[in-house]
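As written in TrEMBL, here are the features:
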- 312-334: region 'Disordered' (REGION)
- 12-33: transmembrane segment (TRANSMEM)
- 45-61: transmembrane segment (TRANSMEM)
- 67-86: transmembrane segment (TRANSMEM)
- 107-127: transmembrane segment (TRANSMEM)
- 198-217: transmembrane segment (TRANSMEM)
- 223-247: transmembrane segment (TRANSMEM)
């Protein structure tokens, strides 16, 4: 434990070094054997490793808040990595790596990004478990903030877990038909799993920041706990702009349009369904375009316009009419 404290009293360096080493081991195996089944699993289990190390080294294992936050991120990581491993075992390979698998630096770039993701999103738990925080008295667990965080976490975990199962079962039942998944949580949002994941990370932060919010810690520890909100914000930015919606919305619509995969039905789904924040379709459809662009985060970068973005003209009946509704202000670009 002393050696860990020598490195730094916020556990930032030790968690960084562990993450880099763990991911490089995974990268070496995946690159050498062209093995896709390890990539997402190594990302998820890395969260567990960091939570276990920081909690074990904290010397305050009787603190309920530290235990709860550490367990919360571990439960989320076990579920996520387990589901992704199950899915890749079924599919056999990950299409994301088709143009990277044989290129050392391109493939390494993905693993470096995964290092940053794991280390940054773990910050609330890492700092909460650090000696610069645990040296202060802690507020008793069970405050209003703690209860609210637990409720939000339960909501987020339920949404992420159930929506992943719903999507997997729907795709298995409608394989290669192009059917639009609008069942369960997907009736209210096109990406309930992403929304659930964001809620989970903000819930963990809400609980972890309690020693600062209630005035029990001061100085650098106070600032560090609040600064750990970088974790959930970073995850949100990733899902919005880097590896989430931007890779699925316009590319997915483009693929459907060009291949004639029930484009008219899909355009209707886009018109009436919120991109991220759950909302009743009947209320979402007539909302003004500026409200969708701001409050509901449906930025122009996500919207597919056949006249601008399609490489192949689709002559499927109803295509232009379907998109005309989008262009006129229900869901698409102006």
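Using N, Cα and C of the backbone, Cβ positions are placed for all residues, glycine too.
The model shown is predicted, which means the values in this text are computed figures rather than measured ones.
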Remote residues contacting the transmembrane segment (107-127) - C-beta distance under 8 A, at least 6 residues beyond either end: 10-12, 15-16, 19-20, 23-24, 26-27, 30-31, 39, 42-43, 46-47, 50-51, 54, 69-70, 73, 96-97, 100-101, 133, 201, 204-205, 208-209, 224-225, 227-232, 234-235, 238, 243
Contact between the transmembrane segment (67-86) and the transmembrane segment (45-61) (3 or more Cβ pairs under 8 Å, separation 6+): yes
